[in-house]
Ligand code: SF4
């Protein structure tokens, strides 16, 4: 039987990949890492560690009281408030969202509510940063739990990327602060960052002729980049970069990995010269759990079933699946299926369970039999939502995410380039 993470506010020890998830998220807010769950082994770089906190009264409150408070505060704040809920967020939280979507859909959705003074983002840190960059100056963006980071985003910190850029530019014989096109009119290298990255890295791309991509438009963005440069430095997710470039025909030998802990990223100068895509050594702890063996097992147990996975999954998994696509593409794939179809999905459990509930006339299940939610999304518990909404009603703005103008401006340049890049 598939256990739902949405039937309870906290997981029970026997359901999940880590029994410690049965505690409330506040039990790990003060921990140095990401807490128990899929991301627990990933180091949190010092500059991006965001300790969270929840007043004790909210930690101890009955569930009914938390939900009563959320409803009351929402009613009191009316149009001054917009709540955004990510697809990977638990149902106890997204039931209050005015918009449900992926990170970029949500940042754009907030723009359709200009009367909202407060944007409460039930997602993770980089998403709230993007919403702040795209929103008006007089709007405030609130992240209910500051400890809700993203282990993948944190795998590429600004200092490591700056250091890599200097090394790479030295190999190509260009000034890292002023990379100019060659006689062919192309840059030697151009940075591309996945949406799942800090505002500082989006700004880095904006300053160096680069661009942001999402999992929906990565191919379009790479086409844009290859029109302007001989090669790209793609961060933080190696899998999205590799899967996308491979589908475009780039040979694997021309996609060296850049390991920030090794000189030249662990490559020879020759490999860097011949490269088309330099892949940062980053990954999503949730999506890397999916395996080819799980796909084989699904096909054995459900002959004729279809398998769709997210492009943050490792390349062999994407190659073995029937289809791969962003969260939005997965939703559309399921919507286009027929009653009676069986679909195994390789993405975060909350989205899979929601799809299964939306389409009860077909069998939809997660490829991974162990429940392992995104452990940082999991940190947005209704207790945190109730607390920040009560604070807003009282005229205070807790956990505000503010991107300084010197970062927001170049980051917006990279985001605008992405918006202007259209598929051929
Ligand atoms: S699912 Fe992966 S990429 Fe998305 S927020 Fe969680 S750790 Fe980050």
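Each Cβ is built from the backbone N, Cα and C atoms, and glycine gets one as well.
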Candidate from 284, 305 that TrEMBL assigns to the same [4Fe-4S] cluster site as 150, 374: 284
Which of 86, 125, 281 belongs with 103, 194, 195, 196, 215, 310, 311, 312, 327 in the iminosuccinate site listed by TrEMBL: 86
12-31, 32-51 - the range that TrEMBL marks as region 'Disordered': 32-51
Span of the iminosuccinate site, taken as the largest CA to CA distance across 86, 103, 194, 195, 196, 215, 310, 311, 312, 327 (Å, rounded to a whole number): 18
Of 86, 194, 310, binding-site residues neighbouring ligand 1, Cβ under 6 A: none
Integer Cα-Cα distance in angstrom, residue 310 (iminosuccinate binding site) to residue 284 ([4Fe-4S] cluster binding site): 11
Same chain, 6+ residues apart, C-beta under 8 Å of the C-beta of residue 86 (iminosuccinate binding site), given in sequence order: 94, 100, 101, 102, 103, 106, 122, 123, 124, 127, 377
Close binding-site residues near residue 312 (iminosuccinate binding site), where close means Cα within 10 Å, chosen from 150, 284, 374: 284
